[in-house]
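Noted in TrEMBL for the protein shown:
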- 1-29: signal peptide (SIGNAL)
- 39-170: domain 'Beta-hexosaminidase bacterial type N-terminal' (DOMAIN)
- 174-520: domain 'Glycoside hydrolase family 20 catalytic' (DOMAIN)
- E351: active site, proton donor (ACT_SITE)
- 567-619: domain 'GH29D-like beta-sandwich' (DOMAIN)
- 656-761: domain 'F5/8 type C' (DOMAIN)
Amino acid sequence: MHFKRTIAAIATSACVMSGLLFSPAPAFAQATTAQQQTVSIIPQPVKLTQQSGSFALNKDTKIFVDPKNDELRKIGEYLAKNIKDMTGVQPKLEQKAPAQGSSNYLHLTLNTPVDTLGAEGYTLNVTSDNIILAAKEPHGLFLGTQTVRQLLPAQPTKAPVSIPALEVVDKPRYQWRGMHLDVARHFFPVEFVKEYIDYLAMHKMNTFHWHLTEDQGWRIEIKKYPELTKVGAFRDGTLIGHYSDQPHKFTDERYGGFYTQEQIKDVVKYAQERYITVVPEIEMPGHAVAALTTYPHLSCTGGPFEVEKKWGVFDDIFCAGNEETFTFLEDVMTEVLALFPSKIVHIGGDEAPKTRWKECPKCQKRITDEGLKDEHELQSYFIQRMEKFLNGKGRTIIGWDEILEGGLAPNAYVMSWRGTEGGIAAAKQHHYVVMTPGSHVYFDHYQGEPSLEPTAIGGLTTLEKVYSFEPTPAELSAEEKKYILGAQANIWTEYIPSTDHVEYMVFPRISALSEVLWTPAAKKDWNDFQTRMQQQYKRYDHLGVNYARSTFNVKQHITVDPAQGVATVSLATDAKGPKIYYTLDGSEPTTSSQAYTAPFQLSNTATIKAASFDEKGKQLGKVSSRDVNQHEAFAHSVELKNAPHRSYTAAGGLTLVDGQLASNSFTNGQWLGFLGDDFEAVIDLKEKKPVNRITSSYLQTKNDGIQLPAQVEFAVSKNGKKYKTVKVVTELTDKPGVFKEVLTAELPGTKARYIKVTAKNPLPGTEQDRRRAWIFTDEIVVE
């Protein structure tokens, strides 16, 4: 699993209060009959044409499937059950063609009128007489049933139900449409894994990436090595709180679990019945401490080890110079292949430190014997050797984009997680790629303002950000784009200990991802998607899904205009329809507060609190709060010596004078980030004014490479040419964890027009220097 993620994709945040995970469901209008509903299908079909009229379901409605086809019979039964659950109508299933001239039926057939839909495409034709669902393959019919389900009421009803007349021609944009689940850091029962697969099917996904081994637990029974689950499946405690909290504390409870081979066969069969391929992941050569605890002789040092209780990247990995390592892994993979029919098998390949390999005589001998240049080529040797074994068994490997380092295995697929760069490089080499960049599809990231969310690893991936994801990079040629198979979202579970929490992190973002992967890019429409999500939330309510209500939280966007010296406040939600009310005095908003209708200007210091409400006056999201302090430098012009990094530009120099103090979450859009560069800002107060105090703040979160400056200097000037240094700080706080260092320069009785603040980078360097540090800074307050 990816722990040291690129800073452009990750943030850390202090723990938040318990109870944030379980929010009351928003109040929506009651379920209506189908003929009253606007058609709201997610993902949006390629072509949908509504017609006049509707098809009425009743007690005499039948479902016909092509005769002598057991697979179609099962799909028919699946559809019949869903119709009964939502309408109370139980269609009778018959394995024969409908009689010519008859009506009041649904017909599932492989006689499609369109030849260009592929195995997963389908057509759907609804008239007042019948419903014809046609496809070339059963898989296409099954996907078509998901569309029919969305034409039914979103919630069960006893009222008469009619399905609106329409015509659909549909097929997916991408071949790989997936979701991942890490069951190693936290373990989830078989029953939930099956529910998870149902969620994928509902969203027309076709791939379930099952992450089964890690430093913190080995979750798959291997009969030749029973100690793997007896020892490696359990740990003697778990990290409490966030990794950035110092000092680390742990529970004293033994934690773990594993899946038997019979359970795995059951899950795989369950997925196959829903046309979902289960891709297993067995991590190698890194993230292997659970296995090494069981068999320490497979390491470079010989141990001893214990199954890890905390998260991170660990130096002890499989020894690449030990032949027993490959014997062990080949034995393990032989049993894995017997359980999973998937052509693709994931072998990890990420975050494998070379520390032990550099010191290991066996590994160094392997490098010499094989004529390898260094430890990176040794990893390539490791992966290529395993690929050769698996290719010989008729399988293809896929690995995280680190497998590009040292040379890519000949037939390997690449899963690009550290941005899209790895995927671009692989596609240019004509290797197949699955895009899964941390910036857009890591669903373990926060999905709203961190202070309003349960603790997460960091990051900020809102519903809108997921929807904006484009899996195929524009940098690729038309030929290279053919190698982008699709994409998936990942659920890493360091901070996701329960099934309810998994649902909270997956929903509603899975709906946005489904449309990214299915619908043609030209047909995507964020505003229309928001409208269709209103019905989707009702479906979630019916399913009892613990979905996040973060889309109902009010986002506050505050901009400043130096020309006018004012701040403009815009309020919005990612959900369509709620009304927003706000206050400026710090009081809790109600429907009696000021209604938001358009952006407004602030003329004084304020504490803005805002919330969304439904048409009945029920509050939907949590209350968002933002303090705006109009100090002497507020909304004045700022000149930066060095531009901030493109990932952390916020509002540029104006971020330093917008009246807002940033939280400890560095991805909240309120920090400026400088990578390897010094920070220097000059503020023009427009005229000479009394300046008694200057305050500047800096963030430290060393796990993410963000460090306090080596030195901070405060200076003032009357003419912008000659500056007087008023304070230099060289001794900043040295302690672990995440914190904000607030530095103040007192200068009573001083008059100045220009304020200069300079911060020296503790580890300067160019883009080629991996040791360079980040400086993060926010508001410069002048009083």
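Don't overthink the numbers, they just go from 1 along the chain as shown.
Cβ atoms here come from the backbone N, Cα and C positions, even for glycine.
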What mean pLDDT score does the domain 'F5/8 type C' (656-761) have in the model? 94
Counting across all protein chains, other CB atoms within 10 angstroms of the CB of E351 (active site, proton donor) number 20
Give the residue counts of the domain 'F5/8 type C' (656-761) per reduced DSSP state, in the order helix, strand, coil. 5 helix, 64 strand, 37 coil
Within the domain 'GH29D-like beta-sandwich' (567-619), count helix residues (DSSP H, G, I), strand residues (E, B) and coil residues, in that order. 0 helix, 26 strand, 27 coil
